[in-house]
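Participant: Structure incoming, see below.
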Amino acid sequence: MIYQEENQHLRIGLASPEEIRGWAERTLPNGEVVGRITEPYTLHYKTHKPEKDGLFCERIFGPIKSGICACGKYRSIENQREYSKICEQCGVEFTESRVRRYRMGYIELACPVTHVWYLKRLPSYIANLLAKPLKELESLVYCDLFLARPIAKKPTLLKLRGLFKYEDQSWKEIFPRFFSPRGFEAFQDREVATGGNAIEKGLASLNLQIVMDRAYMEWRNLTEQKSTGNEWEDRKIQRRKDLLVRRMELAKNFLQTNMKPEWMVLSLLPVLPPELRPMIELGEGELITSDLNELYRRVIYRNNTLLDFLARGRSTPGGLVVCQKRLVQEAVDALIDNGIRGQPMRDSHNRAYKSFSDLIEGKEGRFRENLLGKRVDYSGRSVIVAGPYLPLHECGLPKEMAVELFQAFVIRGLIGRYLAPNLRAAKSMIQDKEPIIWKILKEVIQGHPVLLNRAPTLHRLGIQAFEPILVEGRAIRLHPLVCAGFNADFDGDQMAVHIPLSLEAQVEARLLMFSHTNLLSPVTGNPVSVPSQDMLLGIYVSTIRSNRGIYQNQYHPYDYRNKNFSYKMFYFHSYDDILKAEKQKQINLHSPLWLRWQVDLHIVTSIDREVPIEIQYESLGTSSQIYENYQFRKNRKEKILSMYICTTAGRILFNQQIEEAIQGFFEVSQHRSRPLPAIIA
């Protein structure tokens, strides 16, 4: 937690070993430094009291009961004398028990351990920075392979280079004759590395600026290359370019945040406060505990065993030490993310342990359940339904919800107009739902934007601003086109409504967050508000035309007995004539018809050189050329006298709606009597 300008905010990132030690280590009033956990014990099996230097140690995490030490002595917390702050016998501070909710401990690992999130999660940050295959790094992390010359800049005695197996270490039988035990250990750490130690040395030796420059040079060379014509090779080159871009971004982020890549390898393991991984006593002395305690115990057991092996020196076989390092790595992996490598660790009942990742991820995790799901004032929640009649920037707010959200504004309006003498009378009028309330409410919400949010808010478009209008019912009405930004649909989804109170918040909502100003994706730049699902189906149904079109009045081979099968196509001169005929049931939405069109307008057709279906000549020399979607009437000099296009009433209505949205309703109503400049034919 970071405190800056009296505002608390949370920053998640890599922590250095010094930071981890600073979280946990404390100096007691008697000068003793506590914080390191060395014993894998929790509670004593008889007394059920925390074991010293264990996972519930009161010296490290604080007393279980406020003001009472481990040996049962009581001191007043308000007494600030120096000798009363700590028990001289057990070393427990006389303080409040709530400190056990935030005081941490740490485990000093006998060997560096790679953080499994940065190794196994995709993309693998460690593999990206080291430019090594993930399988090769996994074999190195879990001690299946050894790395010779881990620090390339230093001179070495061995001629080995790169990776090799444990069986290839013939030098281990020769070099001990020329070194003292300590000298041989120093030589071995310098020349050969495996496990997290090898990864740590490789990351520490990186120059991030050089990594960025080399990745950029290679990316530029690949970009300048022309296409090979081979689809497989082009895909391979594109994948390589994407990898280089990710490497440059990763190195840039490390440089900007002043974090070091070697911090992705743990040498100190933080231990959560005991109140966050409790052990509870049930009846008859039975205990239930968090899975994290069992996983921490396994780490400490294996770490202490490795410490014993290393303390014995050369008397311990090298293969045993290597095997124990792998066990420590696997124990830490299970603690952080159990099952990420395949088969998870299980208890005696064959139940997989819940790791740290299981506790924080998902809908019921620590972040979404406890930190992000808080209720706030001036907010509400309801189901969303479609409101296709609404403009893009408006939403339908139920009256029952609006009067609660804007209650403070309504009360101010009632008292300001002397309709209510005091606060109590104004609230009584609102509860009785007097008619004057709705009038004032309409005035209050006019020009006052509201914020709609749909959880989870994964990107900027997850919360947008709208102008509210009052609607009946209890559901929030929303235009279907804005659902894509929220990733919402009308199958029972809920949305939260928030009221921006300050003038600054309202201005920000109006200028930056209105839905009609967020039509493009901030990530890709592609349109977000596009028709989909029932909108596309409705547009298709309203603009569909009979399959036979102008051929309906020709002989039909399947209905030769039906003499009334021939269909007469009507001719119209304006939009209004078509709409009147449709209302009078003379035509339907899908009936083909001829609409008079302006001669000087160009007709777009899918056929470049279309041949007329029929040509009719009249006695005065005029002629009519009939095509599939339009027809001309010409004089003797081939001058076009009139033109008609084949369309439907449904397409006329659809085109009219588009024009009203673009030009405005009043402008369209003034020019509706004459043919409009565009139509779907």
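Cβ atoms are placed via backbone N, Cα and C, with glycine included.
Below, the features straight out of Swiss-Prot:
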type	residues	note
BINDING	Cys69, Cys71, Cys87, Cys90	Zn(2+) binding site
BINDING	Asp489, Asp491, Asp493	Mg(2+) binding site
Participant: Looking only at Asp489, Asp491, the binding-site residues on record, which one has the least crowded Cβ, with the fewest other Cβ atoms within 10 Å?
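Facilitator: Counting other Cβ atoms within 10 Å of each of the binding-site residues Asp489, Asp491, the minimum falls on Asp491.
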Participant: Cβ within 8 Å of the Zn(2+) site centroid (Cys69, Cys71, Cys87, Cys90 excluded): which residues?
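Facilitator: Along the chain, the qualifying residues are Ala70, Gly72, Lys73, Glu88, Gln89, Gly91, Val92.
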Participant: Write down the Cα-Cα distance for Asp493 (Mg(2+) binding site) and Cys69 (Zn(2+) binding site), rounded and given in Å.
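Facilitator: With the alpha carbons as reference points, the distance is 52 Å.
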Participant: Neighbour count, 10 Å Cβ-Cβ cut-off, for Cys90 (Zn(2+) binding site): what number do you get?
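Facilitator: Taking all protein chains shown, Cys90 (Zn(2+) binding site) has 15 Cβ neighbours within 10 Å.
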Participant: Around the Mg(2+) site formed by Asp489, Asp491, Asp493, list the extra residues of the same chain whose Cβ is within 8 Å of the site's Cβ centroid.
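Facilitator: Other same-chain residues near the Mg(2+) site: Ile384, Ala488, Phe490, Gly492.
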Participant: Nearest by CA distance to Cys71 (Zn(2+) binding site): which of the binding-site residues is it, out of Asp489, Asp491, Asp493?
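Facilitator: Closest by Cα: Asp493.
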Participant: Can you grab the distance from Asp491 (Mg(2+) binding site) over to Cys87 (Zn(2+) binding site)? Cα atoms, rounded to a whole Å.
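Facilitator: Spelling it out, the Cα of Asp491 (Mg(2+) binding site) and the Cα of Cys87 (Zn(2+) binding site) are 62 Å apart.
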Participant: Measuring Cα to Cα, how many angstrom lie between Asp493 (Mg(2+) binding site) and Cys87 (Zn(2+) binding site)?
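Facilitator: That comes out at 57 Å between the alpha carbons.
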